[in-house]
Amino acid sequence: MAGLALRLVLAATLLGLAGSLDWKAASSLNPIEKCMEDHDYEQLLKVVTLGLNRTSKPQKVVVVGAGVAGLVAAKMLSDAGHKVTILEADNRIGGRIFTFRDEKTGWIGELGAMRMPSSHRILHKLCRTLGLNLTQFTQYDENTWTEVHNVKLRNYVVEKMPEKLGYNLNNRERGHSPEDIYQMALNKAFKDLKALGCKKAMNKFNKHTLLEYLLEEGNLSRPAVQLLGDVMSEEGFFYLSFAEALRAHACLSDRLRYSRIVGGWDLLPRALLSSLSGALLLNAPVVSITQGRNDVRVHIATSLHSEKTLTADVVLLTASGPALQRITFSPPLTRKRQEALRALHYVAASKVFLSFRRPFWHEEHIEGGHSNTDRPSRLIFYPARGEGSLLLASYTWSDAAAPFAGLSTDQTLRLVLQDVAALHGPVVFRLWDGRGVVKRWAEDPHSQGGFVVQPPLYGREAEDYDWSAPFGRIYFAGEHTALPHGWVETAVKSGLRAAVRINNNYGYGEVDPQMMEHAYAEANYLDQYPEGERPEEQQAREEVSPDEQEPSHKHLLVETSPEGQQHAFVEAIPELQGHVFVETVPQEKGHAHQNIYPSEHVQVHGEVIPEWHGHGGSGTPQMHRVGDHS
């Protein structure tokens with residue numbers, strides 16, 4: 001049995017490597033890949049490798065958002081000599097990188113990002129630079145299952161004869177793998193690129209849904225399209241832009257090779273934080289931003305009726321699109337930028353983990369990869385051998401996540417358990433230990449969605465908005481500001497671009513000088529009044545520069561101890577939940593991150609802090625046991 005397992009692991013590894021080599025060979029000739037290339041990719045790779053030039057004009061930079069885009073930009077700017085302060089509305093860092101760690105077993109589950117394709121060289125280089133170890137993420141295992149229409153087959157059968165699943169494929173489609181059938185439809189896209197050129201072709205693709213293109217342009221039969229939706233999870237993209245589907249497929253295919261971070265993806269944001277100097281303020285939601293002649297002021301909610309103000313030279317906003325819409329800008333954003341912000345289309349994404357007493361899938365010779373089902377769970381990902389028995393029992397996005405909307409955690413876990421048992425038999429019920437974790441990104445108060453996927457641009461200009469251009473002293477970064485959407489490297493690229501522009505003193509654009517003057521005068525309105533005689537609505541606003549921040553009575557202060565560089569909790573007042581303030585000692589660059597996260601633990605569907613100012617923390621999830629409503 002051990003010899004068989006070893007052969008299966010070796011076969012899966014060779015298959016993944018062969019798929020990667022096939023993809024690399026194809027990508028050098030693939031016009032779609034060439035069309036979607038980043039013109040500045042090699043430059044950004046150099047920035048990750050060598051860093052930015054040391055600045056001769058250090059600026060005070062406030063970075064809003066401690067996801068990977070914000071942390072990467074903060075690291076690069078800090079290394080270049082700028083004074084950086086990071087503000088995060090949540091009670092943790094990482095954004096949509098979110099690793100669950102089961103205290104009982106030590107197993108981990110990725111509630112957010114979990115893989116990176118081999119083509120993402122910038123992200124691979126960043127991980128190596130930070131000393132993070134990578135290992136293979138097994139995307140495909142031929143011994144996994146596909147179950148649709150109550151027919152269940154091993155995936156090595158589906159690859160050769162998908163019609164055995166009950167799809168009435170035509171003669172051209174029979175005997176071809178789902179991936180090959182999808183490639184048949186892309187042949188028309190290749191012809192369009194050659195005939196129209198990259199820009200015109202992508203404009204055309206932006207005006208079609210994936211479903212329209214597959215049926216009308218790709219000339220696939222309806223059963224073949226349904227096969228792709230069920231087996232390749234393309235159904236979630238059917239009514240979205242064909243251009244977006246092309247970008248997604250370039251990074252998401254069973255024929256590509258993927259990596260993951262050994263020990264958990266949250267080691268990436270932790271390593272970034274440890275490598276930069278400056279301050280991090282958690283539980284610090286930004287409510288408004290005011291630009292003046294010579295500075296920009298960032299207003300943070302400290303309670304329901306009071307604010308604190310930070311003054312900086314430049315602000316970098318890396319929060320999600322919905323979070324940005326809750327910020328008041330003075331002067332207001334341009335109409336075009338507001339329209340681009342409202343046009344961002346976030347799709348839901350949900351993950352459900354179940355904890356088992358042992359990895360029963362090994363008995364079926366499954367060492368990783370994913371099974372597919374047309375039941376609500378849709379995709380089931382298996383941990384690699386030696387990675388425990390915490391099963392990603394459901395991964396859904398876009399419309400496929402709808403069956404779980406509104407369900408309680410208990411209902412969700414039981415529904416997913418039934419789906420897993422349909423694939424693997426009653427042993428699933430016997431081995432489940434009654435615990436699980438649910439993460440619905442659409443219900444997260446800070447992201448309010450899984451990732452951006454744009455719908456077709458019917459009757460509108462099909463070109464993507466250029467988020468890299470600053471709005472006065474305000475810059476933007478994040479997964480929504482770059483392509484392809486939905487990947488960690490995209491967020492990294494956006495953070496690098498913003499850091500380069502800020503370091504090069506790119507300049508300030510898009511702001512009407514008269515509006516800037518008006519905003520500056522309004523921001524300084526308080527100065528007309530002696531202390532204690534200010535207008536009531538301004539009473540609670542307090543101004544402080546990043547250099548002079550002091551913890552208020554509502555803050556949880558985290559300081560670096562001189563001896564061990566470990567964070568020591570000071571002034572924690574449980575009944576007054578406020579900011580968590582993390583700062584490094586000027587002489588000693590870097591953070592010790594063991595205690596960055598608050599000590600509160602909650603179920604994913606619970607809350608870490610009361611809903612003051614309309615914000616609920618996404619929390620540090622705890623394993624939920626069915627029937628436990630405490």
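Placement of Cβ uses the backbone N, Cα and C atoms for every residue, glycine included.
Annotated FAD binding site per Swiss-Prot: 68-69, 88-89, ARG96, 112-115, VAL286, GLU479, 486-491, in sequence order. Positions annotated as substrate binding site by Swiss-Prot, on the basis of similarity to another entry: ARG115, TYR395, GLY486, TRP487. According to Swiss-Prot, the feature disulfide bond maps to CYS35-CYS198, an assignment based on similarity to another entry. Residues or ranges marked as N-linked glycosylation site by Swiss-Prot: ASN53, ASN133, ASN219. Taken from Swiss-Prot, the feature region 'Disordered' covers 532-554. Marked as signal peptide by Swiss-Prot: 1-21.
All features noted in Swiss-Prot, drawn onto the structure.
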residue: CYS35; record: disulfide bond; Cβ within 10 Å: 17
residue: VAL68; record: FAD binding site; Cβ within 10 Å: 31
residue: ALA113; record: FAD binding site; Cβ within 10 Å: 25
residue: ARG115; record: substrate binding site; Cβ within 10 Å: 22
residue: CYS198; record: disulfide bond; Cβ within 10 Å: 14
residue: VAL286; record: FAD binding site; Cβ within 10 Å: 25
residue: TYR395; record: substrate binding site; Cβ within 10 Å: 21
residue: GLY486; record: substrate binding site; Cβ within 10 Å: 23
residue: TRP487; record: FAD binding site; Cβ within 10 Å: 23
residue: THR490; record: FAD binding site; Cβ within 10 Å: 27
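In this structure, the CA atom of CYS35 (disulfide bond) is 17 Å away from the CA atom of THR490 (FAD binding site).
Note: the substrate site is recorded as ARG115, TYR395, GLY486, TRP487; in the same chain, ALA113, MET114, CYS251, LEU252, PHE451 also have Cβ atoms within 8 Å of that site's Cβ centroid. It is 23 Å from the Cα atom of THR490 (FAD binding site) to that of ASN53 (N-linked glycosylation site). ASN53 (N-linked glycosylation site) counts 12 other C-beta atoms within 10 Å of its own C-beta, drawing on all protein chains shown. On the backbone, the CA of ALA89 (FAD binding site) and the CA of ASN53 (N-linked glycosylation site) stand 31 Å apart. Counting other C-beta atoms within 10 Å of each candidate's C-beta, the recorded positions ALA89, ASN133, ASN219 are led by ALA89.
Of all the recorded positions in the list ASN53, VAL68, ASN133, ASN219, VAL286, the shortest Cα-Cα distance to GLY486 (substrate binding site) is found for VAL68.
Closest to CYS198 (disulfide bond) in space, going by CA atoms and restricting to the recorded positions ASN53, ALA113, ASN133, TYR395, TRP487, is TRP487. Here the C-alpha separation of ALA113 (FAD binding site) and ASN219 (N-linked glycosylation site) works out to 34 Å. Reduced to three states, the DSSP call for CYS198 (disulfide bond) is helix.
Within 10 Å of ARG115 (substrate binding site), counting C-alpha to C-alpha distances, fall the following of the recorded positions VAL68, ASN133, VAL286, TRP487: TRP487. Nearest in space to TRP487 (FAD binding site), taking C-alpha to C-alpha distance over the glycosylation sites ASN53, ASN133, ASN219, is ASN133.
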